[in-house]
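The annotation transmembrane segment is assigned in TrEMBL to 6-23, 35-53, 73-91, 103-121, 127-147, 159-177, 183-201, 213-234.
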Amino acid sequence: MSFIPFFVGIVFIGIHFLANVLLPSERIKRMKWFSFSGGLAVSYIFIYLLPTLHQEQAAIEEPYRRLTMESEIYFIGLIGVVVFLGIQIIIRQNYVSHTSSFWSAITFYALYNALVSYTVLSFEVSGIQAIFYCFAIGLHFIAVAQDMWREFPEEYNKYGRYVLAVGIVAGWVLALTTDFRPLFKSIIFAFVAGAMIFTVFKHELPGEKHIHFPTFGLAVILYSALTMSLKFFFEW
């Protein structure tokens, strides 16, 4: 068993325990950090996530040629977006108490963490490729955890980070101990991809009034150039 899945799992867990200290406290520096992180996340979506969705769609068309069209996997991704948006709306309704809102949100994102952790660790990537892609996911986790900590600081430090860490561990263990059918793995990946697209644009990308565009653009250029170069030279 490769050491990398264990290393990645530990890093993901550590991120949730240190969410309140990983980012600079000064607002301008924090917005630059989110701009950089958002640039990486957007690049990850367009350079890796969407092409992989295309590959997963092609993979299920081969054995199920008579039963498939050209958009089933993309439709599952759309369901991921709709489900996550709907749950966010329900959590933030006025009639939901602060405590109920926290527990609903933290349970929801623990499940999200489990699915993301499973997806990242179950796909057959290794070495530099695994570290490179997991770096983008790690920054994404930092943004989501920071958002939760800012909204529920006391509850997050007391309970939330442990619940989110349990989600990581659950996905980690599931990836290391199970081997689902390729079709089921593709469905999970597509749902997570849709959910991730939603959370990136909601939690990770600053609004137009707060984004530091040069930092955002630099992150997009660097991550896209590196990813495309590594794909070309190493046939990722």
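Using the three backbone atoms N, Cα and C, a Cβ is placed for every residue, glycine included.
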Paired segments the transmembrane segment (73-91) and the transmembrane segment (183-201) in contact, 3+ CB pairs under 8 A: yes
Result, the transmembrane segment (35-53) in contact with the transmembrane segment (103-121) (3+ CB pairs under 8 Å): no
Listed stretch, out of 6-23, 35-53, 127-147, 159-177, 213-234, that has the most CB pairs under 8 angstroms to the transmembrane segment (183-201): 35-53
Cβ-Cβ under 8 Å with the transmembrane segment (35-53): same-chain residues at least 6 beyond its ends: 73-74, 77, 133, 135-137, 139-140, 142-143, 189-190, 193, 196-197, 200, 204-206, 211-213, 215-220, 223-224, 227-228
Long-range neighbours of the transmembrane segment (159-177), counting only residues six or more past its ends (CB under 8 A): 1, 5, 9, 12-13, 16-17, 19, 102, 106-107, 109-122, 145, 148-149, 152
